[in-house]
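**Student:** When I checked TrEMBL for this same protein, it listed these features:
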type: TRANSMEM; residues: A:56-77; note: transmembrane segment
type: TRANSMEM; residues: A:84-103; note: transmembrane segment
type: TRANSMEM; residues: A:129-150; note: transmembrane segment
type: TRANSMEM; residues: A:180-200; note: transmembrane segment
type: TRANSMEM; residues: A:206-227; note: transmembrane segment
type: TRANSMEM; residues: A:239-259; note: transmembrane segment
type: TRANSMEM; residues: A:265-285; note: transmembrane segment
């Protein structure tokens, strides 16, 4: 049971990535893979600030700013230099590896006896349950914030930017600026996931971001599939299903490990799982033809 | 209202596929003019419209709108004067957004899109009343995604969206090219009505010579990036449809 609870906690920690990918991929229609770098950046910045005994709120702010900056750079490269978004993301992600290594000074930062967001409030003696409650609160606040944002006039303009660029420019929106803001927001959320995971697992690692974008993608695609099945059109419904996607994804991985699949094969399992989810709608579509 | 002085625009300069889209064109359009532009494909009509809207910036020359120099301003900066309807019904609206959200953005064309929720009941009611005027039965489908509507409905709504916020200039780039005759007529009637009611300065590009003859108070014929004929109100009235057909034969 604890095994699945850990998976659930991990899923909640990853909700920042899922919301970030949802914003870049679904709202702005930009395939952004800065994610791997900005997630590790979030983790490393958390490790450095907390081991230097900075208070948590400073750590959070610095993490959000660092992730936002990384996303903004990808956005600038993509919009101002007219470079393909995928390439822009790869460039920033690659550069971030060195940046992270420089910030950390070494490849691994253990957090021992440092402040943790999961110790801020103690609801129960059970550490995992306490973490679960705190994560629920954080995810609820995040979702509330993003959901509200998407319903504001600014949020409608964000959604229109990814949907009909000619229209929204004719309606007075600087789409370049909008995309930069969007990618900054997406990567700030991703970095926040790095912040949470680092404290949940008790260390930051330079390579913690490798392949993490696939978790976000998988979660969003599961969410999208659910949205399609349930014919959800509301912003809130979509966000909740994306979060559900994150948790489903982690639980499926946990089951895979539980049935005895070699942990070394975890990334293969992840990739195959995402492939399955992506191709499922198409496969079933064909049989209906 | 709109002043173009010695505007030139060349695409792919210096390459084998160089195109001189607009060559040394000067044009003044007065307040409440309703200019119809005709011309063969590649005559520079759409480029001219894009230059006025700011989606293309000129190679040389000066553009003024409402006595403001706008030559270097981008399309999103000129939206405080200009509303547009595109040839492709998909370009003027966001398909995945609801009708209401589309109208909300249109209502903020000249303003900043801030962090408040503007799609409240007061706004909903306002949009409902506006859409009811079209008589298409869309007033109770505000939450429906724009993409579920037909091309004609979307073009009519795009027109209506242009007057949700203060509008001085309306640019219509072949708004009926993708529509069936009945929808096309409805869209043109709506356009005429809005242009008259809101005292707009308008430019209509069309390949439909019948439309070119019946709509507007000024007719311009373009060829090879230049204005080759320019008929203002009385002179336009004296033209027959056959005269127009002869230009293209």
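Any Cβ shown, glycine's included, is placed from N, Cα and C.
Worth saying up front: this structure is predicted, and the values here are computed from it rather than measured.
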**Student:** Would the transmembrane segment (A:180-200) and the transmembrane segment (A:56-77) count as touching if the test is at least 3 Cβ pairs under 8 Å, pairs 6 or more apart?
**Tutor:** yes
**Student:** Can you see whether the transmembrane segment (A:206-227) and the transmembrane segment (A:56-77) are touching - at least 3 CB pairs under 8 angstroms, only pairs 6 or more apart in sequence?
**Tutor:** no
**Student:** In terms of Cβ proximity under 8 Å, which residues at least six beyond the ends of the transmembrane segment (A:239-259) contact it?
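**Tutor:** For the transmembrane segment (A:239-259), the sequence-distant neighbours (Cβ-Cβ under 8 Å, at least 6 residues beyond its ends) are 3-4, 6-8, 10-12, 14-15, 17-19, 22, 139, 143, 146-147, 150, 215, 218-224, 226-227, 230, 232, 266, 269-270, 273.
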**Student:** Which residues of the same chain, at least 6 past either end of the transmembrane segment (A:265-285), have a Cβ under 8 Å from a Cβ in it?
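**Tutor:** Long-range Cβ neighbours of the transmembrane segment (A:265-285): 211, 214-215, 217-218, 221-222, 225, 228, 249, 252-253, 256-257.
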**Student:** Which sequence positions outside the transmembrane segment (A:56-77), separated from its termini by at least 6 residues, show Cβ-Cβ distances below 8 Å to it?
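**Tutor:** Residues packing against the transmembrane segment (A:56-77) from afar: 32, 34, 37-38, 41-42, 45-46, 49-50, 83, 85, 88-89, 91-92, 96, 115-117, 120, 179-192, 194-195.
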